[in-house]
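Colleague: Checked Swiss-Prot, it gives:
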- Arg17, Arg68, Thr99, Lys160, Arg262, Leu263, Arg264: GTP binding site (BINDING)
- Cys24, Cys28, Cys31: [4Fe-4S] cluster 1 binding site (BINDING)
- Tyr30, Gly72, Ser123, Met194: S-adenosyl-L-methionine binding site (BINDING)
- Cys257, Cys260, Cys274: [4Fe-4S] cluster 2 binding site (BINDING)
- 8-234: domain 'Radical SAM core' (DOMAIN)
Amino acid sequence: MASQLTDAFARKYYYLRLSITDVCNFRCTYCLPDGYKPSGVTNKGFLTVDEIRRVTRAFASLGTEKVRLTGGEPSLRRDFTDIIAAVRENDAIRQIAVTTNGYRLERDVANWRDAGLTGINVSVDSLDARQFHAITGQDKFNQVMAGIDAAFEAGFEKVKVNTVLMRDVNHHQLDTFLNWIQHRPIQLRFIELMETGEGSELFRKHHISGQVLRDELLRRGWIHQLRQRSDGPAQVFCHPDYAGEIGLIMPYEKDFCATCNRLRVSSIGKLHLCLFGEGGVNLRDLLEDDTQQQALEARISAALREKKQTHFLHQNNTGITQNLSYIGG
């Protein structure tokens, strides 16, 4: 289906990132260094399964092909499997993925797959157990690794692993990561550290451009792959000697926003046109009843006309994003 979601700059939107909670049990230094602190929203305040069903139905009708469930940590919701199944009801949505810290993968991943999940991203910022503990605040490295193995055993042909690239923390560990994916079908995605409202000091201390890694990969014979229309923002590289792939997400690179194809809905039902945009468009009053779908689609389409051509990270403008758990990264 051709996307009906097209902005003023002729960008088409096939990809919805849907946050279902902002609660997380990890304390990652770049996201929630002081742990989760409720912002006045209780668990009962997050989108219900029926509301999720309605919002994804509207996006599917407008041409969305891929939905990624994010948080916080999505698997903390007891109804997470039901949420996957609700999204799966839309035939137009070909891919349903989750971004997770992985701590419940080993126990639940087979059930998620049975419910309709087609893709998994796991956050792993270090392959050293002690450093993993230091970054996340949780001594769960072996549990997360077992979860990745369980995902393959459950039938997932590929697992994506997200690694936030940080100077003097993990930027020098490329060889360790490459050895890990040599015989595993893992797409390892290095994500440039992004400045948020609460993370300016960390950003100044640890930001390093992904271009350093890209130059090194090209020097070693890695080959840049073409993007598909519902892919995320990663530049993906492959190598004939490796079962895995490398992805680079570099939001500070020139023209990063030119290929934007994704919209975001927060866990309380606000449409965000950009991860680092201002404010959000409330959709929740149109998620109460199935009869509101036409009005919901109209509001989404109208909001998209206001999407700006680019973010303003280069000007140190992080918008309303105080931390990445709020809107799901």
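Each residue, glycine too, has its Cβ placed from N, Cα and C.
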Colleague: Please identify, among the binding-site residues Cys28, Met194, Cys274, the one with the smallest Cα-Cα distance to Leu263 (GTP binding site).
Modeller: Cys274
Colleague: Going by DSSP, is Cys257 ([4Fe-4S] cluster 2 binding site) part of a helix, a strand, or coil?
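Modeller: Note: Cys257 ([4Fe-4S] cluster 2 binding site) is helical by DSSP.
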Colleague: So among Tyr30, Met194, Cys257, all listed as binding-site residues, which is physically nearest to Cys24 ([4Fe-4S] cluster 1 binding site)? Use the C-alpha atoms.
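Modeller: When the Cα distances are compared, Tyr30 comes out closest.
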Colleague: Return one of helix, strand or coil for Thr99 (GTP binding site), based on DSSP.
Modeller: strand
Colleague: At the Cα level, what's the spacing in Å between Arg68 (GTP binding site) and Cys28 ([4Fe-4S] cluster 1 binding site), rounded?
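Modeller: So the alpha carbons of Arg68 (GTP binding site) and Cys28 ([4Fe-4S] cluster 1 binding site) sit roughly 21 Å from each other.
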Colleague: Roughly how many Å separate the Cα of Cys28 ([4Fe-4S] cluster 1 binding site) from that of Ser123 (S-adenosyl-L-methionine binding site), to the nearest whole number?
Modeller: 10
Colleague: Three states by DSSP: which one describes Arg262 (GTP binding site)?
Modeller: strand
